[in-house]
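Here's what Swiss-Prot has on this protein:
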- 55, 56, 57, 58, 59, 60, 61, 62: ATP binding site (BINDING)
């Protein structure tokens, strides 16, 4: 229903316009207060790169963060990552991730980024506190913040926006009548706009999510996902249909697709109940970090990597690297 409202297919969005105007008024006032100096943002002693969205819902932001961290690491840059830690609840904040940190504490995306990149990761509702925790514990040269484009309390040097190339900005309205956190005109002030799928427009960086081999949660074995049979697909991400479409494009045709809420807590019994005898469960890598502790032999995940094309990605990386002292 929300997808139909935000796309404009359902006329119900009009009923939510008063709330959207209020949202837009408040969010605009907050941004203006920082722009005019009525409120002061905290500036870290190292460059800060924000990777965020203008819209609610999954746009492919986490793969972009992983891509950026890995590319900077390849250039010899010491990178730290901070996040709000949505879906997690730690005993105390800020929380520096360790190999023992669970998704229940830190959230699924920070754990995934930590496992994939090995970079220091810290979570806290106040991102400045997370940055300070990393700087106190690690000699990093740059901070990447996973989400937080609208978190103006943290000053930033580079802003990168990730856009869903198919859904774009839906009906163009602020939350809750539409998907917008800020107006589309905000794109004029960011350093880069990365478009996940669809057709990139002038000045935007095209990106595709490239699937790898399916990985068994229990054994780590790998195989072409199309070789798996009787698949039940599960996706607890911002936009589950994208994952299901990826499976179809890989030649894996699920018997059943189970969309879950983003950052949803997964109970072992609930996940186990999705799969019948002779069936195979295939999930996203983000779901896998939540399920690995209780995985069955027939559970697999399909990793995806961001693939950015054209000359702009290298120019962006050069610009970011030039900020490192």
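Including glycine, each Cβ sits where the backbone N, Cα and C put it.
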Margin query: According to DSSP, does residue 60 (ATP binding site) sit in a helix, a strand, or coil?
Written below: coil
Check: Under a criterion of Cβ-Cβ distance under 8 Å and sequence separation of at least 6, what residues of the same chain contact residue 56 (ATP binding site)?
Finding: 175, 179, 181, 238
Note to self: Using a 10 Å cut-off on Cβ-Cβ distances across all protein chains shown, tell me which of the binding-site residues (57, 58, 60) has the largest neighbour count.
What the structure shows: 60
Next item on the list: Identify, in sequence order, the residues in the chain of residue 62 (ATP binding site) that are 6 or more apart from it along the sequence and have a CB within less than 8 Å of its CB; answer 'none' if there are none.
Entry: 109, 112, 113, 146, 286
Margin query: Take the mean position of the Cβ atoms of 55, 56, 57, 58, 59, 60, 61, 62, the recorded ATP site. Which other residues of that chain put their Cβ within 8 Å of it?
Written below: 53, 162, 164, 238, 239
